[in-house]
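Here is what Swiss-Prot records for this protein:
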- H186: active site, proton donor/acceptor (ACT_SITE)
- S316: active site (ACT_SITE)
- 97-99, 127-130, 137-139, T185, S317, 322-324: substrate binding site (BINDING)
- E329: site 'Important for catalytic activity' (SITE)
Amino acid sequence: MSVRIEHDTFGEIEVPADKYWGAQTERSKRNFPVGKERMPIEVVYGFAQLKRAAALANFDLGKLSEAKKDAIVYACDQILSGELDEHFPLVVWQTGSGTQSNMNVNEVVSYVANMYLKDHHSDESIHPNDDVNKSQSSNDTFPTAMHVALYQEVETKLEPALKLLRNTLKEKEDKFDSIIKIGRTHLQDATPIKLGQEISGWRYMLDRCETMLSESKKHILNLAIGGTAVGTGINAHPEFGDKVAQYISENTGYPFVSSENKFHALTAHDEVVQLHGTLKALAGDLMKIANDVRWLASGPRAGLAEISIPENEPGSSIMPGKVNPTQCEMLTMVAVQVMGNDTVVGFASSQGNFELNVYKPVIMHNTLQSIYLLADGMETFNNNCAVGIEPIEENIDNYLNQSLMLVTALNPHIGYEKAAQIAKKAHKEGLTLKESAIQTGYVTEEQFEAWIKPEDMVDPH
């Protein structure tokens, strides 16, 4: 392997000649061969947005020459294009401030910027610390990049997937509004409900999650940049944080602002905890929806079989013809993983000892993973399951007509105890509810027909 020699304050080190990173990245790569979880590229892009904005701000404040500013902006734009992804090899499991990833970005930006300056016949050169990292610390850059990445992924991935599934459920809700089925509570028969009403509950869960997500993501717009090492802003111009937030906003289209309290921004990540709490709530709702769907589709001959779902692949390696609710199973596993991630994010956020939380990479990793899993899970579940949900009306009608809980409609006319006697007699003697009611003498056939109307029971008001 061809190498070149790079150096840092620890001395010289060999770096692969075809890679753009420098000495500190190479040391981290060697010192932390832990796991396979790479630092998400979206965090790198968040850093690139930040370094780009910092160069513009430092130029405005007289801290950086125009040539250096242009070179850094060019390098950051190259990173944002996705063409340099291979030059960011570090894993999540590194220093808790994310210093190695900050330096990885600084070194790659410096390398590309120097090539740019050389191509433009400039005598200037870019240093990863003195120029790319000017007015910054890893302690305020990593949380800034984290917030930029999280907000963007919620906006571009999670919310569209949530809306997609929500809209599909709304279509099913409206389509099945005339189908009356038996309701169930405690896994036991209950009073009737429309299939559309049942699905409306699922849909409204997603409506509420969409509202909560919209609210919680607002707090992610606060950026730590400008706090530098411990929140005091040492080595940064007083206007630096505001200017960087402004430039990031202009380039992303999102209204980021500089946090009003940098001490909080460095040592606490409660905004991310709140955001992930919303992700956990969404995961819980998706778990419920997926479980309901697979129970209602259970069968085909010895289950509930009130709805059918798409058959996407063989379900068993030994039982021919078996088809399983695989999309539901996928979504419930996604939900479990997100719930576990929430525990990690909550505990990690609590570890802000003194002026700095040093669990930032794992907070970032778990939150982004939850966003990706939920977004992909909802989209896949929607396209391969939800859109194909159809009622099996023969079974639905059969369960409804056999239900003893229709007796509830007699309560206002004959009282709870007599109605209970009718239901128990029907169950014990294998009678229909109508047969039992007439045999007890509590109601006539005409009264039963007038009072037991499922269509009235699902819309009593």
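Any Cβ shown, glycine's included, is placed from N, Cα and C.
Counted within 10 Å of its Cβ, the other Cβ atoms near T99 (substrate binding site) come to 20, all protein chains included. S97 (substrate binding site) is surrounded by 22 other CB atoms, counting those within 10 A of its CB over all protein chains shown. The residue listed as 'active site, proton donor/acceptor' and E329 (site 'Important for catalytic activity') have their C-alpha atoms 22 Å apart, to the nearest angstrom.
Under 8 Å, Cβ to Cβ, and six or more positions away along its own chain, E329 (site 'Important for catalytic activity') finds A290, R294. Relative to the residue listed as 'active site', the binding-site residues with Cα atoms inside 10 Å are K322, N324, the candidates having been T99, P128, K322, N324. Neighbour density for T185 (substrate binding site): within 10 A of its CB lie 9 other CB atoms from the protein chains shown. Most Cβ neighbours within 10 Å, among the recorded positions H186, K322: K322 holds that distinction in the structure as shown. Non-local contacts of S138 (substrate binding site) by the CB criterion (under 8 A, 6+ apart in sequence, same chain) comprise S97, G98, T99, N102, M103. DSSP classifies S97 (substrate binding site) as coil under the three-state reduction. Secondary structure from DSSP puts T185 (substrate binding site) in a beta strand. A simple way to gauge crowding: the CB of N324 (substrate binding site) has 16 other CB atoms within 10 angstroms, across all the protein chains here. Take the recorded positions P128, D130, S316: by the count of other Cβ atoms within 10 Å of each Cβ, the lowest one is S316.
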